[in-house]
Every structure is written in C-alpha cells, then in structure tokens.
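Report on the structure given below.
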Amino acid sequence: MTQKLTITRPDDWHLHLRDGAALAAVLPDTARQFGRAIIMPNLKPPVTTVEQAQAYRARILAALPAGMSFEPLMTLYLTDNTPAEEIVAAKASGFVHGVKLYPAGATTNSDAGVTDIRRCAGALEAMQRVGLPLLVHGEVTDGDIDIFDREAVFIDRVMTPLRRDFPELKVVFEHITTRDAAQYVRDASGPVGATITAHHLLYNRNAIFTGGIRPHYYCLPVLKRETHREALVAAATSGSDRFFLGTDSAPHARGLKEHACGCAGCYTALHAMELYAEAFDAAGALDKLEAFASFNGPAFYGLPRNTGTLTLEREDWQLPAELPYGDATLVPLRAGETLRWKAR
C-alpha cells in the first residue's frame, strides 16, 4: 500500500476565488497546493473585458500572502454581445487563457450569460482563429428539462452543433457529471477536454439527502446517480489526456448555504488534493493521479508543467468544522470529518 506520493505541483483548471475579503480568505488555500488556476469570471459585475480581467488579476496578486507563489490564469465571461475584437485582445494580453460560456441562469451569477449560442458566432469564430479556449458550463436551463438531465440534453442541443460549426475551437467541457459527458469527451474529434471535480468523483446524489438535507453537498451541476460517478472515476483514471483536474471550489458564507434558498457550490480548495488522492486511491489508480492533476491541463492549454512538487502522505487528520470568511464563516466539504491523506 502506497504511504507517500510525490507529484509535480498540480494546477486547478476551474476555480472560484470571489473578490474582496472573500478572496483574501480563500486564496491561500489554493496557493498552498496549486501552482496555477483558471479563475472563473462570474463576479458581480462579471469580468467581460480584458481591462476588467487585468484589474481582477491585480487584486488576486495583491491578496497573495508574502512568500507564496501562485499564477492566476484569467478568463472572460462570454455574453451575447462579446465582440470579436475583445477576443483578439484577450489572446494578445498573455494573461487571459479562456472564455467562459454560462448559459443564462445556469448557476451562481450567470444572469448575464448567453441566451442563444448563435448570437456568439463572431466571438466563437475569433476564438477558433486565435486559439483561445471556450470553457463551457454544459447545462441547458429550460424549465421543462429535469435538473438531472440538463447535461445530457446540452450535449445534443448545444455541444454537438457547436463542435460541428467550429471544429477547430478548443473546448473544455467543465465539471462534467455524467457518463454521457465522459463518453462524449472521450470519443469527440478535435480539441476537446474536460475538468472533473473531487466531489463528483467521491459522491453521488444520495450525499445531498442522507439523514436530511445536506446543503454543503449541493452544487451545480448537481451530483448524479452512482452509475455516473463510476463513469467519471473511470474517465479520470483512464490515462486519457482529455481529462484533468478542476475543483470548481466555490465558497459561500455559511448563512447563504444553510438557508431556505441556499447557494450552490462546494468548498474544497483547502483539502482538494487530499480528496483527489482519496478518489484515486479507492480506484487503485494512484499512479494515474499525477497526469490528471499536473500534466493533462498544461498540455491542453499549451503551457509548461510546473517545476515544483507536492507530496501526499497517508495520514489521518481532522478537517476544521468551519473557516474564516471575511465577516462570516465558510464550511468546507466534509467539515469536521477525518481525511486519510495529507498534502505537504
């Protein structure tokens, strides 16, 4: 049984850092484990221009504690009106590494998102031309579609036509949650990848309801059936370079999670690599963790691998019940429980 595993320093290819006091509270958790992260642009207001991305990047770097090394990889928020010129400027900036597609109303702060992908043809053509990846929240939001079917329907309605019309566009299918999505990414032609979260590797939808409502397991896309979880584990541990680590760590104050209309999102930045190690260990695939966490993402984005390392040791430790979060507190996934791996 492996007791210690040292890997190339990993990256997080899907992260929410928020802003202001919340940013300052959560950034050190990510920087302790990851060399870089793709930063989601769904602030209020959203980050829709290169100028806004540059300012947000500066705020992130200003919040980074002294002695910590971390590179934020910025993204723009795609809207129905994103001009092609902004895409060209984003690519030229050197610090914007993708453009995020949120279907309007799909998740937190997505109200300004895309209402019809056909309205974005100019921006998408520019992205394909300059080589800027499209990062897709892959769910439809129609009221008549069951929430557990949103991802599968998105593949048929949006992803398939998108890939047909822009076959050379680099696309990341973010935080996939279904066997359908895993199979789609595995079999797709052209430059397609996918991020997978630790919580979707470890849990199925029963976790939300065991013994009562468990709001800290509620995220979007929502956890799915066990058959889908098993398919995600198989994809992540397959050795395919199309699948890579993206925590989708999404902090919300405790009072906004434990609420009559609670926010979606799981906070995992504090213990992300420990959770991934648990998932890969359970699958008997610790030897596949380094590629998933440290190699596949940089290869897809055309970036060098990190030069440092991170060590995971088999060691029991108790996760805090809550964490400081500005004037509030934040409850991490599995709060107060014992974890079996420790990152150093």
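Using the three backbone atoms N, Cα and C, a Cβ is placed for every residue, glycine included.
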Per Swiss-Prot, HIS14, HIS16, ASP248 bind Zn(2+) 1; matching candidate in LYS100, LYS342: LYS100
Among ALA55, ALA123, ALA207, ALA264 - the residue Swiss-Prot places in the same substrate site as HIS16, LEU17, ARG18, ASN42, HIS137, LEU220, HIS252: ALA264
When distances run from the Cα of HIS16 (Zn(2+) 1 binding site) to each of the recorded positions HIS175, LEU220, ASP248, HIS252, the nearest one: ASP248
Candidates HIS14, LYS100, HIS175, ASP248 (recorded positions) - the one closest to ASN42 (substrate binding site) by CA: LYS100
Number of other Cβ atoms within 10 Å of the Cβ of HIS137 (substrate binding site) across all protein chains: 26
When distances run from the Cα of LEU17 (substrate binding site) to each of the recorded positions LYS100, HIS175, ASP248, the nearest one: ASP248
CB contacts for HIS14 (Zn(2+) 1 binding site) [other CB atoms within 10 A, all chains]: 26
Candidates LYS100, HIS175, ASP248 (recorded positions) - the one closest to ALA264 (substrate binding site) by CA: ASP248
